[in-house]
């Protein structure tokens, strides 16, 4: 399954980059969303995929029986998902404000510091 | 001693406060400090003269083998004495020279800091420490040259001095690093003890070149001499102190210091004696063309620095003895002459010697001091300068390489210097009285005591050179001469050096008598001079600016996508190189997937691609939502329930947020041309392919042991939690979670601030932002 996911993630990255290279600022935001999702998935898959063995300790035991999915990348990705959300909200509001003030949705027209 | 230097820096820091308390007397109060240090050094004289080396150890960064250890031998002692004694004189002088200047406090801060840096430089035993002090002198020199910062010429000269010396400083750093590696030590004492091994070392030639570059730029050797005369934009006390007596000698000091470990090879001898002799002649030749008294003196300083370098290059016992005597003589007379020049400038209001004349009756005391110092500069008996010049001629006659060329250059420099000395003293003080902008008279005592003392010392040492025997012997031995016991006398009998002296006297007088003619004749060489090293420097600076402009235009052009493309291409290049050339990747492709897993992956791809091609904002957001939920599904399928929950929550919130904000945002617009789209598509596909290949190669590679095994085993016993991911987040990696909370809080504050900020008010009254927070 991992090789298939590798191809999938490659496509997600490609779409994200393509969207981020557009001149329209809203598309930049969409690109940002795609990119953070793709990156999270990359970390998750690179650690190896395990079916049906979540990293939980059964009640009354001190360690899980048998092998479980690697919990560390999961913890990292969990943090990353939340941070990506924070960054995205910030970006969305920033874009909205910029649009209100500059009234330009073309990034090429925002290249000067003076509005 | 270390404490003395550090206290000195402290004194520099509190100088403004002292200025507040003592007003016009501050300079004298501060001058007491170097005077005290000088007295303390004088107390060490018996031990130094007995040939002892005092090692004052003081660890600084022992882990990096950097120490603040100081050592005092003859050379360090001589330099430290010059720095403190002349420093005290200059401070007293400057207090009067800059009386009432609004930046006097700033001046005192910088010059005191410089004094301590210089002291640290000549006392340091550790290469790194020496380098730190070396750079500190460059920086303080920069600040002092640019002291009159409203004058663009001063700022330009300051920058030039800094570029040349700090550029050499970089080379010096490289040289020191190689020296440290080659000698396996950072201590000068230890390095000097293993000269033979260093000279045989494979790194010898490159490290010598680097060290020489550093020393030559600092000591204004040809072709780096041009910054020194320009540095005369500084106030005259600075010229007297930094740019003749002390800082510019730092390079010469370093060469003398390293002479036992690096000197004596063919490379050393030829480079130093030729560069030195060339600098001598250039300095004297350029000096004679100027009428500005400070420039005259500055070029003659270049000449003196060249002499010192040349003597180190020749390196025989006689040359090293001459080195020490000439060094001392030059510091004494040049310091005095610069201070006299400052007095003349101050009193008459002009620096042009041709505009002055007949001042001896108006300023009799200044005239006497100037005459004594100038006779020493001219190298006439019975002053110390005569001794220095005689010994120099003697040493040149001992030179092994290029003897006759060096002699010719040295002789030229000698008679031109004699003419310069005559110009400096006879033009202003003798002859007919000329009207000057101000009516001059003898300056207050504070300004005269310094030059008088220095000139007096030149005379005393000249009349009784025996006083210096001990110091000269110890110092010359310390820098690599075999045990010499110098017996300095004025009269050596009629020998070749004396004949050379007489010849140079005659020629010098001749040049002086026809100075105006000589000057106008040399003036015709102006076009040639315009192509000198300074023009190269100017050209380099212009080139630097052009390149900077070009690369700013290329890289910092304000187009965000250009930045992105540039970054991505570099990333592609680096990762691609590492992937294919640094190790051979294997790309396993086994497809053991269930149907529903493949469908989930397909949904992701479909969502992402749809988001790209949609023309409606809402449709694009919905497509991204589909992708996000498919990812959540993947987390469920592959044993990550916590991630799935989080992803679902965040994805829902994101979609709500976007839908809320979306209709306040501009519609999608088609802005790029087809070509641009194609280019972006290529870049995007390349990056996607790289990510896939990278992942495949990682997946196909060897797995290292998991660090999370520890967490799996200890989650319940240590963290008392059954959900291992949760335990990691709040316990094992709790600091990461704290960081995450900070990021979220910052984002929330940012969002809040921007939501409260109203564009209309921004346009209307940008300066009154507080009102809108009231409601």
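Here the Cβ of each residue, glycine as well, is placed from N, Cα and C on the backbone.
Note that the structure is a prediction, hence the values are computed from the model and not measured.
Per DSSP, the domain 'NADH-Ubiquinone oxidoreductase (complex I) chain 5 N-terminal' (B:58-107) is made up of 31 helix, 8 strand, 11 coil. Per TrEMBL, domain 'NADH-Ubiquinone oxidoreductase (complex I) chain 5 N-terminal' is recorded for B:58-107.
The domain 'NADH:quinone oxidoreductase/Mrp antiporter transmembrane' feature in TrEMBL is assigned to B:124-416.
TrEMBL lists B:603-667 with the feature domain 'MrpA C-terminal/MbhD'.
According to TrEMBL, the domain 'MrpA C-terminal/MbhE' annotation covers B:676-757.
Annotated transmembrane segment per TrEMBL: B:130-147 (among others), in sequence order.
Look at TrEMBL and you will find B:159-181 (among others) tagged as transmembrane segment.
Under the heading transmembrane segment, TrEMBL lists B:268-289 (among others).
What TrEMBL records for B:296-314 (among others) is transmembrane segment. Same-chain residues lying 6+ beyond the ends of the transmembrane segment (B:296-314) with a Cβ under 8 Å from its Cβ atoms: 216, 219-222, 225, 228-229, 231-232, 239, 243-244, 248-249, 251-252, 255-256, 259, 263, 268-284, 286-287, 290, 320, 322-323, 326-327, 330, 334, 337-338, 341, 353, 377, 392, 395-396, 398-400, 406, 410, 413, 416-417, 420-421, 423-424.
Same-chain residues lying 6+ beyond the ends of the transmembrane segment (B:320-344) with a Cβ under 8 Å from its Cβ atoms: 78, 82, 86, 89-90, 93, 97, 235-237, 239-241, 244-246, 249, 252, 256, 259, 293-294, 297, 300-301, 304, 307-308, 311-312, 351, 356, 359, 363, 366, 369-370, 372-374, 376-377, 383-385, 387-389, 391-392, 394-395, 424, 428, 440, 443, 447-448, 450-452, 454-455, 457-458, 461, 468, 471-472, 475-476, 479-481, 484, 486, 488. For B:320-344 (among others), the entry in TrEMBL reads transmembrane segment.
Sequence annotations record features per position, and here TrEMBL assigns transmembrane segment to B:365-384 (among others). Counting residues 6+ beyond its ends, the transmembrane segment (B:365-384) has Cβ neighbours under 8 Å at 300, 325, 328-329, 332-334, 336-337, 340, 343-344, 359, 390, 414, 417-418, 420-422, 424-425, 428-429, 442-443, 448, 451-452, 454-459, 461-463, 465, 490, 501, 504-505, 508 in the same chain.
Sequence annotations record features per position, and here TrEMBL assigns transmembrane segment to B:404-426 (among others). Residues 273-274, 277-278, 280-281, 283-285, 287-288, 293, 296-297, 299-300, 303, 306-307, 310, 314, 337, 341, 353, 370-371, 373-375, 377-380, 389, 392-393, 396-397, 500-501, 503-505, 507-509, 511-512, 515 of the same chain lie 6 or more positions beyond the ends of the transmembrane segment (B:404-426) yet place their CB under 8 Å from a CB of it.
Long-range Cβ contacts of the transmembrane segment (B:447-468) within its own chain (Cβ-Cβ under 8 Å, at least 6 residues beyond either end) map to 86, 89-90, 92-93, 96-97, 325, 328-329, 332-333, 335-337, 339-340, 342-343, 346, 365-366, 369-370, 372-373, 376, 381-387, 486-490. What TrEMBL records for B:447-468 (among others) is transmembrane segment.
What TrEMBL records for B:563-581 (among others) is transmembrane segment. Below 8 angstroms of C-beta separation, residues 555, 680, 683, 686-687, 690, 693-694, 697 of the same chain, each at least six residues beyond the ends of the transmembrane segment (B:563-581), sit close to that stretch.
What TrEMBL records for B:593-611 (among others) is transmembrane segment.
Among the features that TrEMBL reports, transmembrane segment is placed at B:618-638 (among others).
Counting residues 6+ beyond its ends, the transmembrane segment (B:644-666) has Cβ neighbours under 8 Å at 617-618, 621-622, 625, 628-629, 631-633, 635-636 in the same chain. Per TrEMBL, transmembrane segment is recorded for B:644-666 (among others).
Distant neighbours of the transmembrane segment (B:593-611): 619-621, 623-628, 630-631, 633-634, 637; these residues of the same chain sit at least 6 beyond its ends, with a Cβ under 8 Å from one of its Cβ atoms. Model confidence over the domain 'NADH-Ubiquinone oxidoreductase (complex I) chain 5 N-terminal' (B:58-107) is summarised by a mean pLDDT of 88. Among residues of the same chain six or more beyond the transmembrane segment (B:130-147), those with a C-beta under 8 A of the stretch's C-beta atoms are 103, 106-107, 110-111, 113-114, 117-118, 120-121, 124, 154-155, 157-159, 161-162, 165-166, 169, 172-173, 176, 188, 214, 218, 231, 233-235, 238, 242-243, 247, 250, 254. With helix defined as DSSP H, G or I and strand as E or B, the domain 'MrpA C-terminal/MbhE' (B:676-757) counts 69 helix, 1 strand, 12 coil. Within the domain 'MrpA C-terminal/MbhD' (B:603-667), the DSSP-based counts of helix, strand and coil residues read 54 helix, 0 strand, 11 coil.
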